[in-house]
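**Student:** Right, I'll just put the structure down here and ask away after.
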Amino acid sequence: MSGSSGPLPYSMRDVGAGGAYNNAKFRHRSRLKMVLQFLATNRSKYHCGKFTVGKFLSLLMVSGLLYLFMHKGSEGIVSSELHGKEVQNKNVRRSPSIRTFWRKPPRLPPRLPPNEIYKNNSLLHQSPSEWTSRQKKVKEAFEHAWSGYQKYAMGYDELMPLSHRGTDGLGGLGATIVDSLDTAIIMGADDVVSEASKWIEDNLMKRISEKGQVNLFETTIRVLGGLLSAYHLSGGDHPGAGDSGVTVTYKKANPERLLEVSKDLADRLLLAFTSSPTAIPLSDVILRDHTAHAAPDGLSSTSEASTLQLEFSYLSKVLGDPKYDRAAMKVLEHIHTLPKVEGLVPIYINPSSGQFSGENIRLGSRGDSYYEYLLKVWVQQEEYRHSSLKYLFEMYTEAMRGVKHLLVRKTVPNGLVFVGELPFGRNGGFSPKMDHLVCFLPGTLALGATKGITKRKALETNLLTDEDIENLQLAEDLAKTCVEMYFVTSTGLAPEIAYFHIEGDTEGGADGGNKSSKYINDIVIKPLDRHNLLRPETVESLFVLYRITEDSKYREWGWQIFQAFEKYTKVDSGGYTSLDDVTSLPPSTRDKMETFFLGETLKYLYLLFDENNTLPLDKYVFNTEAHPLPVMRSAEQASHSV
């Protein structure tokens, strides 16, 4: 399937240099107006004494004949080139009517390929002040989400906004607080920064020492990642947070305390690695007992075991202690030696044997962030990209080729590009199923193509290979599909899982409810998959693609998604709620606000509307929970980048 998809029908190549459509260059001037203007401006040359009615009529007749002659000469152009239609009967000559003489040539829109003009294209080129205003709306949403949590669930992992209470489903470490802190710092939400950092300083170390079982993966990406990102953005390892563009205000977190808590937590999480007989860590840790154990079935998710390196490697750097990096990197080094299917791997791995378990291959749950971290760990450790970590980029490249060959398909009737699954491996059947989680992939593909710089700059400096350009095209195609998963529903919000109609597929199902969507017959949403958990993956990819392509349609799509969240998930008393069914109106609700809504979804939307290139993608890498960590350079590299 690689290379089979054509150019996107929604590129911006016909937009003028000023950032908006220049209709003047598509507007044809009236021949009659040109003649009259010429005669008027040269009337002294044709003056013949007193101007009589006869002379006027003669002049008018000559002008009309001249106009008719010139108009007839261009008739073919008007009827075929301008209107885009072929003359069906070229042998039939029609006499011009009076309306033909006086009809004003049409003011034509830009000549764009079919479906290129997005239905809201008047909003695609908002002024900077408009995007700043929209960014402010996202900050207000974040503060509203926090207000509900702070009022009803402070100290709990998550808010149940409808029943006005908190719940602990992530180990009881106040996950929403830690997940939200760096978002608040980035947004300049000083009151939230003050409240969250005070709770962490006063309570988190004690919680860690007293709490029981936590999941290694979830605790690493949300809590450890959140602490370390806030540490950096508060100026912990560099005055003013280095190249982030984030303003450090007087109401800031205490970076020394954040690092202290990070070290204590990481030391306990290390037990998952040291207690395993192989390089693959156990899935769960008992914090207070300093013990670890496997999941009940003895298996670990491949994505969970391989999505720990950004956080542990950064901690090793700031502490000057290699033990954290060494433990986490052994996982990827071990997976490098295992057999794969064109770079693709099963979604389970056994920490007892160190081998993959089963044949299920997908880029959705339990598989997704394995592929993400192959690239991002390579990006993060710039000093070693072309030496000891070169194998990671090679693994990533091989995997993306496998995705294009084995998993990428197009829908019927309208050709949406999507990534399916192989539930029974290469030799089993193909499933046209795609989790919303897979919508991380467009952003990852774009990042892998340009390494964080803009496409324009990469092209100017000849940094893009043919494969990079192909991957960037696939990223844009997949982002389009992810957005249509939103727009095809009645609420404008995506389901957790979608199925796609493909050639020869007889499996039916309900549509998304939005009968005006062009893709209503391409996307199937089954009853058990209709929920929306406020997930971030699509807006994450829109953010990355906007930064790299500089195409404003990604901003406009993000704004429509944000408006849908505001309309259907906002709770007046504070917070936002998950939905049970995005295909019906009014949608039924689930009474839960996931931590990643504040930690990821709203953060990516805020950065999508940012005008200042805050947290540039060639200098920062976002962990899978959207916590930005700096690209680690050698002293020599750092001096060259200044």
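Including glycine, each Cβ sits where the backbone N, Cα and C put it.
Okay, so TrEMBL annotates it like this:
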| type | residues | note |
| --- | --- | --- |
| ACT_SITE | E218 | active site, proton donor |
| ACT_SITE | D368 | active site |
| DISULFID | C439-C482 | disulfide bond |
| ACT_SITE | E496 | active site, proton donor |
| ACT_SITE | E537 | active site |
| BINDING | T624 | Ca(2+) binding site |
**Student:** Can you tell which of the recorded positions D368, C439, C482, E496 lies nearest to E537 (active site) in space, using Cα positions?
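**Tutor:** For E537 (active site), the closest Cα among D368, C439, C482, E496 is found at C439.
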**Student:** I'm trying to understand the geometry here, so how far is the Cα atom of C439 (disulfide bond) from the Cα atom of D368 (active site), in Å to the nearest whole number?
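**Tutor:** Approximately 9 Å lies between the Cα of C439 (disulfide bond) and that of D368 (active site).
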**Student:** Quick check: of the recorded positions listed here (D368, C482, E496, T624), which one has the Cα closest to that of E218 (active site, proton donor)?
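**Tutor:** Looking at Cα distances from E218 (active site, proton donor), the smallest one goes to T624.
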**Student:** Which one is it: of the recorded positions C482, E496, T624, whose Cα lies the shortest distance from the Cα of D368 (active site)?
**Tutor:** T624
**Student:** If one measures from the C-alpha of T624 (Ca(2+) binding site) to the C-alpha of E496 (active site, proton donor), what distance in angstrom results, rounded to a whole number?
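**Tutor:** Computed Cα spacing between T624 (Ca(2+) binding site) and E496 (active site, proton donor) is 18 Å.
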**Student:** I'd like the Cβ neighbour count for the residue listed as 'Ca(2+) binding site', meaning other Cβ atoms within 10 Å of its Cβ, all protein chains included.
**Tutor:** 25
**Student:** Long-range same-chain neighbours of E496 (active site, proton donor), Cβ under 8 Å, sequence gap at least 6?
**Tutor:** D435, H436, D529, R530, H531, N532, L533, R535
**Student:** Provide the number of Cβ atoms within 10 Å of the Cβ of E218 (active site, proton donor), excluding the reference atom itself.
**Tutor:** 18
